[in-house]
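Asks: Could you have a look at this structure, given as structure tokens, before my questions?
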């Protein structure tokens, strides 16, 4: 399977933005890429869900249920949200859905939920999903204070499991003036032996930010 698995160091770090930007950049370059969200939970009515945003980035080439096999109401990890509804997530079903997309498209960008070790099923985490898919993992992290520890831990967890690290992207998720931002990339590189691929700037205009991310990431990340 050709593509990327996009994980984060936490929830709210910008995984969906990055995944959508990667899909758009790939499609603009002539590669038939499609996004996938294996399981989403806590969707706020009236706002586009992560899966809907990935479908839009993919030019609506697939129905929503093909892009997102599982949807839950509670804003919890997929395994916990499924339990509340008396349901269970199947790793085999998710892998089958991803392979079906890969059979119809040149590349699949799979966006996980939360961080790498967030439980996907009653027994498996998103790390297990990345391993089952055999995809390199792109780590999306906050640019500001606290990211050095979170990012180093995530990279260490990937390496201990023998998962390929496609790179690290630091994302400014707000306009706050954080003096740690200019220093964090160097610290992460020193600890992980991996220079972050990009430091994504904050941009309040959503459309402009989407174009900016696509331009930056399209030049940095190939799959």
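Glycine residues also receive a Cβ, built from the backbone N, Cα and C atoms like all the rest.
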Asks: In Swiss-Prot, the ATP site includes 111, 112, 113, 114, 171, 172. Which of 50, 59 does it also list there?
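Replies: Same ATP site in Swiss-Prot: 50.
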Asks: Which single residue out of 11, 16, 71, 147 does Swiss-Prot record at the Mg(2+) site shared with 50, 111?
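Replies: Between 11, 16, 71, 147, Swiss-Prot records just one in the Mg(2+) site with 50, 111, namely 16.
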Asks: Could you check which of these binding-site residues, 41, 171, 172, sit within 10 Å of residue 16 (Mg(2+) binding site), going Cα to Cα?
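Replies: Qualifying among 41, 171, 172: none.
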Asks: For residue 41 (substrate binding site), name the DSSP secondary structure in the helix/strand/coil scheme.
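Replies: In the DSSP reduction, residue 41 (substrate binding site) maps to strand.
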Asks: Sequence gap of 6 or more, C-beta under 8 Å: which same-chain residues meet both conditions with respect to residue 37 (active site)?
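Replies: Same-chain residues close to residue 37 (active site) (Cβ under 8 Å, separated by 6 or more) are 50, 51, 54, 67, 68, 110, 111, 113.
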Asks: If one measures from the C-alpha of residue 41 (substrate binding site) to the C-alpha of residue 172 (ATP binding site), what distance in angstrom results, rounded to a whole number?
Replies: 24
